[in-house]
Amino acid sequence: MASPYSVRVFPVSIPAVIMETDWTEPWLLGLLAFHLLCLLLTCFSAQRYKLQIGHFLCLVVLVYCAEYINEVAAMNWRLFAKYQYFDSRGMFISLVFSAPLLFNAMVIVIMWVRKTLTVMSDLKNLQERRKERKRRRKEE
């Protein structure tokens with residue numbers, strides 16, 4: 001008898017993936033904890049530029065490897081999951097693994113753009129002050 005959570009033909013739509021997933025599985029809870037830790041590291045690394053670069057690169061590499069992770073998980077799903085979630089299209093791995101990692105990467109890029117704009121603004125203000133000082137010296 002099939003469980004209401006069993007997936008024979010994996011749905012294509014995101015709401016269907018969310019509804020048909022058994023979110024109480026330990027490996028999914030562990031993945032959720034991993035994503036929360038990544039989000040915390042993203043937030044707390046804002047003042048540490050080198051740490052943030054390393055974190056960003058790790059996120060991008062993990063997203064790049066998602067296809068390979070999906071293939072390995074599809075072959076070995078019985079070792080850690082109740083149901084086969086890993087389809088050839090990669091919808092499930094994209095939703096539960098790659099999307100949160102890409103969100104973190106996007107937050108980091110937004111932080112970098114904001115920081116760059118702040119530095120550019122500060123530089124422009126400094127240039128204006130220097131220009132004003134030079135102008136005053138010439139008037140004297």
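From the backbone N, Cα and C atoms, a Cβ is placed for every residue, glycine too.
From a predicted model like this one, the values you see are computed outputs, not experimental measurements.
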Per Swiss-Prot, Ile14 shares membrane side with Ala74: yes
Helix, strand and coil counts within the topological domain 'Perinuclear space' (74-91) (DSSP): 7 helix, 0 strand, 11 coil
Structural state census, the topological domain 'Nuclear' (47-52) (DSSP three-state): 4 helix, 0 strand, 2 coil
Intrachain neighbours beyond the topological domain 'Nuclear' (47-52), with Cβ under 8 angstroms and 6 or more residues off its ends: 41, 108, 111
